[in-house]
Amino acid sequence: MTEKLKVLFVSSEVAPFAKTGGLADVVGSLPQAIKELGHDVRVVMPQYSKIDSKYLSQIEPVLYFRTRVVWRDDYVGVNKLERDGIINYFIDNKSYFDRTTLYENDDKHVQFAYFCRAVLEMLPKVDFKPDIIHCNDWQTGPLSIMLKEDYQIYDFYKDIKTVYTIHNLRYQGVFGKEILEDTLGLPYKYWNWGVVCHDDCVNYMKMGIEMSDMITTVSKTYAEEIKTAEFGEGLDYVMRMNGDDLYGIVNGISYKDNDPETDERIYANYNSGDLTGKSENKRGLQEELGLPQAAEIPMIGLISRLVDQKGLDLIASVIDELMEEEVQLVILGTGNNQYEKLFREIARRYPQKVSANIKYDATLAQKIYAGSDIFLMPSKYEPCGLSQLFSLRYGTIPIVRETGGLNDTIQSYNEVTGEGNGFSFTYYDAQDMLYTIKRTISFYQQKEIWTKLVKRGMESDFSWKSSAKEYLKLYSKLVDKKSN
Ligand code: GLC
């Protein structure tokens, strides 16, 4: 077993500071779990002006310096905030991070190239020499190649190993050829080697995969799926070639920040031994959203970025049939215009049955996890998915499609053996989904079975405990390799 390791997580978003998706939840909770196993774990992210002022005001300066970023001479401010015993560093440069959106900027290739370089430059200055730099998604793709090309000649950097985690292969960071030398400061030889380009473009995701020492993704099923043309997003050949260094480790969630017994965001607290508080949550939510306050009508929750990946077209195509059932449907999320319009329209047509909340609202999200009976997640693909895990924790039964992490975490209820923790369907097919919803509702009406499922979900363990140990095993493998 390796002694105390030093690990630096690098991410473009970290909850609760800045979040657009599950990546933030992961980097906001996994470091804590690794730290609890006895290691020195720190986190670094950009200091966006969009960070909630509550946190911005607590960030303290550490130091600043100027550095050469390719041909530019740039300012790098390093600030920090300690939360739950973890040091979070923030890279501060207003010209890159004082923006109205996190990722919708025309110069995002420059923003994140700068971020990766600033992180590498900051390490000796803050006197933190990690054994492992753990990068996440395309925004941190260039870090490993920069480390190898420009820094590994120096003693301080030469033993540092990199791990690169793919949270969603669809978002790759694809830019024109010209940025290779100009923005990344990389010699042209890399273009010819093929490790930085795909389809005649520079591809930050591919770079991360090709140049990091180890690659992981967020479930075992997704690790296999992305080696196929159907799920590979054009990079399946890269995944197959790097298959020996690719590991699937399923995400967990923070059981401390998501605890129905103590959560202050919900209407009433409860636990698996006493579910009366759960009914309170349903009633409170119905009241807040202006739906009929009926305890017996199954309430289906859906919290999601409203994008193609999430299987929303399946819902659209059977919505009228679904509305023939006695159900309530509560939606929360933002995303593509087409889906935002669709759900607003459905709510307008079925005001007694549907509540469409087209916004981002973390408190309402918890109320929906707690108040719903069923959680719907019919994703076309899902690298891991966290909502099904939040649902289980709050005693809400997930309906999922059998893909990626949904396949690894949800086992469909089997009425013969009594096993299972949710309901699932195999094919990406609206009728199969509808059939599964109806099947779920039929069990909702059988209170004994339903209560057993609710309690089973609440008592299961999808915290980070075992996945954190798996990450540590991989880290140790890399560090041991080094000492050989
Ligand atoms: C992305 C994926 C999601 C995963 C999350 C965290 O948002 O789409 O499936 O759970 O990253 O890894």
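Using the three backbone atoms N, Cα and C, a Cβ is placed for every residue, glycine included.
Copied from TrEMBL, the annotated features are:
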- LYS19: ADP-alpha-D-glucose binding site (BINDING)
- 6-240: domain 'Starch synthase catalytic' (DOMAIN)
- 298-442: domain 'Glycosyl transferase family 1' (DOMAIN)
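Long-range C-beta contacts of the residue listed as 'ADP-alpha-D-glucose binding site', restricted to its own chain and to partners at least six residues apart, with a cutoff below 8 Å, comprise GLU13, ASP25, GLY28.
Per-class residue totals from DSSP over the domain 'Glycosyl transferase family 1' (298-442), listed helix then strand then coil: 64 helix, 30 strand, 51 coil. Confidence annotation: the domain 'Starch synthase catalytic' (6-240) carries a mean pLDDT of 96 in the model.
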